[in-house]
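J.: First the structure, then my questions, so here it is.
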């Protein structure tokens with residue numbers, strides 16, 4: 001019985017696997033945030049233009065068609081009501097009767113006349129007469145409102161077509177970030193590039209560290225944002241993005257990775273969001289490209305492969321190696337420990353050089369003779385023996 005129980009007893013529990021962090025920003029730049037329980041929906045209508053531009057293409061096209069179709073139907077119905085109220089439909093065969101609109105014999109004719117009026121086609125078969133003041137007023141009103149509908153809808157479609165977020169598709173970020181030494185200091189680096197020959201004007205780069213933190217009062221902040229310096233103080237964040245550039249964040253005392261070693265970094269849970277902004281040279285519109293790096297996308301002890309080569313009269317960029325890295329010797333300690341070790345080494349060299357000079361002076365003094373070394377020619381009051389020229393005199 002015991003054997004049967006042991007056979008059916010569950011085995012040793014597996015250690016819990018570390019769940020992958022939910023991205024705040026996807027690799028393609030889309031923000032992984034959805035707005036829920038928005039009760040004040042009227043706010044979207046106060047900015048109807050932006051709402052229409054932000055709609056999906058199928059909804060935008062549907063709204064575009066409905067805007068024109070409903071306008072034509074609305075004014076077509078009014079033209080038919082005017083003809084019906086004046087009795088024009090009852091005197092279609094009466095040649096002595098002057099209608100409001102010639103050759104308007106039903107609702108379909110009124111609908112076609114509405115389209116001709118709003119689109120200024122004017123085929124000439126249906127024409128308004130001067131004996132219909134209400135028709136003249138309606139003609140002016142439809143012409144004005146039709147122009148407004150045209151301006152609004154064409155503007156929405158133009159802005160939607162020329163949105164600069166499509167330009168961001170040709171701005172690429174490296175698939176991984178790396179940590180290695182630069183000029184003796186640990187740096188976190190990633191690479192950016194532009195696939196088009198038309199450049200991004202006044203390009204600038206930013207980086208944000210996103211991870212959870214708890215305040216001293218016990219408040220939990222799930223997505224706390226911290227700036228990562230990528231050269232704002234020195235102007236290195238403003239880029240001349242003609243060829244791929246490696247953006248570097250120096251891990252110094254102001255960096256949140258100051259005390260993070262390789263092992264601590266691998267156990268941490270964070271996301272680095274990088275943002276590239278600039279103006280499109282062809283249109284002058286502001287463009288923004290985004291990407292992010294999780295913990296397992298940060299390679300410690302790696303460096304990016306070179307993608308730039310000098311050819312005959314020009315520089316060539318090999319984007320086949322844009323994402324490739326290679327390993328380099330890099331200490332596994334934190335940047336703080338590395339700086340303390342360098343400070344101890346500098347202090348040791350500072351104090352060892354004077355001591356060695358003193359030893360050299362003592363050795364030279366011992367070689368002058370027994371009198372100098374034993375102090376035989378030294379006077380009792382502590383004075384040194386006179387120079388050789390004075391003793392001869």
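Note that Cβ sites are derived from N, Cα and C of the backbone, with glycine treated the same way.
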J.: Identify the transmembrane segment range according to TrEMBL, selecting from 88-111, 112-135, 136-159.
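T.: Within the set 88-111, 112-135, 136-159, TrEMBL attaches transmembrane segment to 136-159.
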J.: Pick from 17-38, 39-60, 61-82: which stretch is listed in TrEMBL under transmembrane segment?
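T.: It is 61-82 that TrEMBL describes as transmembrane segment.
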J.: What average pLDDT is reported by the model for the domain 'Inward rectifier potassium channel C-terminal' (171-341)?
T.: 92
